[in-house]
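As given in TrEMBL:
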- 10-152: domain 'Cupin type-1' (DOMAIN)
- His55, His57, His102: Mn(2+) binding site (BINDING)
- His57: oxalate binding site (BINDING)
Amino acid sequence: MVCERAAGLKGLGSLPNTSASTSSSRMLGQWPALSKQGISQTLFTLGACALRPPHYHLRATGLLYLINGTIQVGFTNEDGTKAYVNNISAGASTVFPQGLVHYQQNLACEPAQYTISYNSEDPGTQVSVPGLVGLPNEVVAAAMGFASNANGFSSFLATVPTGKFIANSDPECVARCSAAATPSNAGK
């Protein structure tokens, strides 16, 4: 019995140090030992200038702990009329209340790593924009003010990212980090 339980235990292992964004979940689907425990966790590496786009968790509150780097975090209140945005650095934590739209963005030139622990073994994640544009086009167009601008709505739909991460999410960050990576020609 001990061997069976030990086989279900998974550590974080070595943390990747790349500019790419990744996630590694410890949820009921990946780790059956979490059944009826009411907890789960995801490890994220958020690349330089990358964004974890607005999303929400249907069944859980999330507690983020930043392992290294600096990131911007934010969420809205229940009716979306007020945003709460903070910049946090290594060793800091923040809470994302259940059901509220939130995001994480790395505006630094180095990757950031963090964990989010949830009070559910299956928190349920809905990425906001792809979830919204999955509804009938006429409904989304009207809700977003495109009802009389079909071409504008078509252009919008063609540019909607669908992944877990958006690389190069901030043009100023990309320019700053590209300049920092380019060797200086001063003194030559």
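Counting begins at 1 with the first residue displayed.
Including glycine, each Cβ sits where the backbone N, Cα and C put it.
Fair warning: this is a prediction, and the values are worked out from it, not measured in the lab.
Annotated features taken from TrEMBL, shown on the structure.
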residue : record              : Cβ within 10 Å
His55   : Mn(2+) binding site : 18
His57   : Mn(2+) binding site : 22
His102  : Mn(2+) binding site : 22
Cβ within 8 Å of the mean position of the Cβ atoms of His55, His57, His102: remaining residues of the chain near Mn(2+): Pro54, Tyr56, Gly62, Phe75, Phe96, Leu100, Val101, Tyr103, Thr125, Gln126
DSSP residue counts for the domain 'Cupin type-1' (10-152), split into helix, strand and coil: 19 helix, 58 strand, 66 coil
